[in-house]
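What TrEMBL annotates here:
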TRANSMEM  7-27  transmembrane segment
TRANSMEM  39-61  transmembrane segment
DOMAIN    116-237  domain 'Palmitoyltransferase DHHC'
TRANSMEM  161-179  transmembrane segment
TRANSMEM  199-221  transmembrane segment
COMPBIAS  288-311  compositional bias 'Polar residues'
REGION    288-357  region 'Disordered'
COMPBIAS  323-339  compositional bias 'Polar residues'
Amino acid sequence: RRRCRRVLYWIPVVFITLLLGWSYYAYAIQLCIVSMENTGEQVVCLMAYHLLFGMFVWSYWKTIFTLPMNPSKEFHLSYAEKELLEREPRGEAHQEVLRRAAKDLPIYTRTMSGAIRYCDRCQLIKPDRCHHCSVCDKCILKMDHHCPWVNNCVGFSNYKFFLLFLAYSLLYCLFIAATDLQYFIKFWTNGLPDTQAKFHIMFLFFAAAMFSVSLSSLFGYHCWLVSKNKSTLEAFRSPVFRHGTDKNGFSLGFSKNMRQVFGDEKKYWLLPIFSSLGDGCSFPTCLVNQDPEQPSTPAGLSSTAKNSENHQFPAKPLRESQSHLLTDSQSWTESSTNPGKCKAGMSNPALTMENET
């Protein structure tokens with residue numbers, strides 16, 4: 001049964017591959033070589049076409065075959081902790097086990113009820129922006145959505161590739177529609193004799209124009225998500241922090257949001273090469289509202305008080321690739337009295353934990 005499902009999941013990918021192969025034959029052979037009479041036009045169109053075709057195939061391939069990243073082992077419960085969870089009834093004792101397991105993890109998002117996000121299926125504490133995919137049956141770091149057209153989860157490891165796939169597929173369709181338009185009009189008005197190329201050229205224009213409309217809206221939507229540093233899931237349901245829901249909790253400004261996805265070196269931005277910042281398990285935040293239960297401390301001072309009611313994150317900085325995105329070099333334990341100032345994180349007060357459904 002699972003094998004049958006796996007085969008069915010590949011049908012959309014096979015459809016796109018066959019459509020892409022046909023478009024190559026229709027454009028390169030029937031349009032450029034058979035229908036175009038000007039040699040210069042043939043050379044220019046074929047060179048530009050093969051460049052877009054190559055980038056389209058490359059980014060599509062990377063989106064499909066780049067494995068989604070899963071939470072690192074520090075978020076998994078140990079064997080002893082799993083045994084304790086199985087023995088303890090659902091309640092305070094059950095939550096105490098999770099409290100000890102999560103006390104040193106850099107997690108700031110919560111469930112709607114304010115509890116630590118825990119996955120029963122994978123038996124791990126979910127990192128920020130991580131979600132369980134029912135199709136892959138795994139927890140995916142910074143999960144955006146499961147895309148049937150690539151038969152893969154779009155998340156931290158391949159989100160840049162997915163964006164480039166949308167961009168190059170849109171450019172591919174626009175280029176075909178623009179260069180095919182004059183020949184489409186000639187065949188439509190019977191300005192050219194009926195040949196085998198007529199069907200390919202006319203249908204190629206319709207297909208390119210149709211896909212251009214749908215791709216432009218989808219690509220525009222994901223560009224907006226990148227500018228706001230949101231995933232598709234976060235756009236539909238805003239992340240919940242200890243102080244409450246904050247739809248802009250991960251937004252660091254347009255420039256830094258772009259760099260978080262595409263990286264610091266602009267020469268890699270247009271290439272399907274992984275250059276995203278961070279490790280997918282922790283993200284810098286810019287929290288607009290202060291946690292009402294968090295004690296205020298002078299700006300720039302680290303809070304060191306630790307007790308059973310108010311646990312602080314260990315004084316470790318963000319990973320190097322993330323820390324420079326912040327306005328100030330702050331550690332996990334720094335807090336500020338200015339509610340509008342960007343922060344790497346906030347203190348971790350007494351945690352209420354329950355399983356997320």
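Using N, Cα and C of the backbone, Cβ positions are placed for all residues, glycine too.
Bear in mind that TrEMBL entries carry predicted annotations, made automatically and left uncurated.
These numbers come from a predicted model, not from an experiment.
Looking at the domain 'Palmitoyltransferase DHHC' (116-237) alone, the prediction's average pLDDT is 93. Listed as Cβ neighbours of the transmembrane segment (39-61) (distance under 8 Å, sequence separation of 6 or more from its ends, same chain) are residues 16, 20, 24, 27-28, 31-33, 150, 161, 164-165, 167-169, 171-172, 175-176, 179, 270, 272. Across the domain 'Palmitoyltransferase DHHC' (116-237), DSSP classifies residues as 68 helix, 17 strand, 37 coil.
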